[in-house]
Structure formats: C-alpha cells, structure tokens
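J.: According to Swiss-Prot, the FMN binding site annotation covers Ser22, Pro23, Met24, Cys25, Ala59, Gln101, Arg214, Gly306, Arg307, on the basis of sequence analysis. Annotated substrate binding site per Swiss-Prot: Tyr27, His163, Ala164, Ala165, His166, in sequence order.
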Amino acid sequence: MSKLFSEYKLKDVTLKNRIVMSPMCMYSVENKDGIATDFHFAHYVSRAAGGTGLVILEATAVQEVGRISEFDLGLWNDEQVPALKKLVDGLHYHGAKAGIQLAHAGRKAVLPGEIVAPSAIAFDEKSDKPVELTKEAIKEVVADFKRAAYRAKEAGFDVIEIHAAHGYLIHQFLSPITNRREDNYGGPAGNRYKILSDIIKAVKEVWDGPIIVRVSATDYAHGGLQLEDHIPFAKWMKADGVELIDVSTGGLVNVAPPVFPGYQVPFADEIRRGAGIATGALGLITRGEQAEEILCNERADLIIVGRELLRNPYFAKDAAKQLGETIEGPKQYSRAWK
C-alpha cells in the first residue's frame, strides 16, 4: 500500500489516509452572524465524499472583532454550534474526520469599528490602524479561544487547529515586525510566544483531542521571522502538547512569495527534523506521486491540499488511481467509482 493511503494517528484520532483538506476562507456566511450555511455543508461534505481523510474547516473566529470579514464563520456564541454539528455529522457519514481552525484576525480584520493587534501598526497604508491590546484584553482573547474549543467539542469535531499563520493575530504576536510591545508579551522570542502557549494550554483545559497549529515559516521580509526562528517555537509547541504543525508561509506583510510546485515542503521538512515534531506539508501539491514522494522521503507526515481540492473534490480518488490504489467511495457512487 502507498504511504499516502495508509492510516495516520493524531493522538487517539485515526485518519483513514494522509490527505487533509486545508482550511480556506470561503467568506460565505449569509447574515453576518458566523453561522454555517447550506453552502458550507455542501462544500465540505463533498470533499469527504471524495475520500479526503481529514477536512479542516476555514478560519473560524473566536471573537466577533476577530473576523477577517463580516462573512466569516464563528464560534463566539452557542447559536453557531448546531449548524456546525450538522456539518460534522455529514463529514463523519463519509468516513472523514472533522477539524476546525480557530482564529483571530487581529490587524487584518476588515470590519466596521475598532480592530486590535499586539501593537498599533497597520497592515499597510490602505488598512485601518489597530488598537494595541491591553493585558486584560489579551487574557480575554485566550479565554475566548478556550470557549470556542469547548463549542467545537460540543459540535463533535475530532481535531482543533489553532491559526498562528498568515499575518493574523497570533502570528502578529510571534513576529518582531508586528510586535513592538515592551511587556511580557513582547521582546524576546519566548515572550512573543507567550500568547500562543497560553492559548494552547487554555484549549487543553476543555479539549482532550489532538491540537494542530498552522504557522508561517517565513515572513518573506527583512527583520521578520525566518525558518530558524520556528525551530524553537516548534519545540515549545511540542512541549505544550501540540501533535502536528501545519507549515505554511507568508501573509504578515503585503508581499507575494515565490510560488512553484511544492514550494513550502522544505519548510515542513526542516521543522520536522529540527524540532522532532510531526508536520503537514502544503503548497501546490497536485498529484498523488508528488504527495507520495514527500511522505516516503519523510519530509512530512500529512499532505495538506488546498486549491487542488477546490478544483477537484475527488482528489483522493484520482491520487489513488495515479498510485495504483483502489479506495472505497460512497456506496451510492459504486457503479462509477472504479
């Protein structure tokens, strides 16, 4: 059997294969209330029907002010749970495990009213200047990640991913470009890591399942985080109880990274080896053979697929065919599956 279609355990959760749907914002909430819609159900459940092992929902705001836009999913109140529970049941029906990415946009929020960040530095000249978070407000952010994790548990999710990448709030704390604080949340790397550590520990108080963290392994900017900075971060995450790091790049500043097939895989490889922690690789992974090479050469443990799954909900089926495998599909599709 190919490695791509072997089982993988995240703590006590067994994935049927190593294909993960990357969290990708859909901006499709209809009433600006954070509640999942029929679109979200069809969108995510179709990828489970297509054979994906773990489907991770898009960035889901833990605070209303933490949305990227007014059309983001949310878990800041109990009314948002039932629609997500229905969605999770749909994923489970097709044999996929269900993950959710908990997030706070920080200074990248595009919302009416006040936005917040570690320091009062705007994303760019066109963006609103954020208000610097007080220590009390930081503690409330941490508490709201915990509350959202509890609601994720109530909805039946198997995996929680904490979004610490792409220039959103936690990434803003991690990077010296955006964190100019002079208290115990700023300055040395250990201080800049503090909010993420606090969030992980708070989530674990209500959540005993696996925790993934998405990071941006380079800021693509002078004075920003580079790969070598993420090795100690990854070691600290492992010590805090994180199971796997989802390794992306960029998003902190307004610069386009160089993009080519597998362009982020070396970052996942280096963090995996340098910190001794499992990683997920992503970045223009489009074929089964490409995914299999990454796994067999032990460059990552999971394959996280984004845009290719937008183009093709049946990526897993096609990847299996490319690798000479046959995977089970929905029984309703059996006459056309093989």
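Any Cβ shown, glycine's included, is placed from N, Cα and C.
Give me the local environment of each listed feature.
T.: In the three-state DSSP reading, Ser22 (FMN binding site) counts as coil.
Sequence-distant contacts (6 or more apart, same chain, Cβ under 8 Å) of His163 (substrate binding site) comprise Pro23, Ala59, Gln101, Leu102, Ala103, His104, Ile170, Arg214.
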J.: Taking only same-chain residues 6+ apart in sequence, whose CB is under 8 Å from that of Ala165 (substrate binding site), what do you get?
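T.: The list for Ala165 (substrate binding site) reads His171, Arg214, Val215, Ser216, Asp246, Ser248, Gly251, given in order along the sequence.
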J.: Helix, strand or coil: which one is Arg307 (FMN binding site) in, per DSSP?
T.: helix
J.: For the FMN binding residues given in the record (Ser22, Pro23, Met24, Cys25, Ala59, Gln101, Arg214, Gly306, Arg307), what is the largest pairwise C-alpha separation in angstrom?
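T.: Farthest-apart Cα atoms in Ser22, Pro23, Met24, Cys25, Ala59, Gln101, Arg214, Gly306, Arg307 are separated by 17 Å.
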J.: In Å, rounded, how far does the Cα of Ala164 (substrate binding site) sit from the Cα of Met24 (FMN binding site)?
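T.: On Cα coordinates alone, these residues lie 14 Å apart.
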J.: Cβ-Cβ under 8 Å from Tyr27 (substrate binding site), same chain, 6 or more residues apart: which ones?
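T.: Result: Ile68, Ser69, Phe71, Asp72.
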J.: If I take the alpha carbons of Ser22 (FMN binding site) and His166 (substrate binding site), what is the distance between them in whole Å?
T.: 13
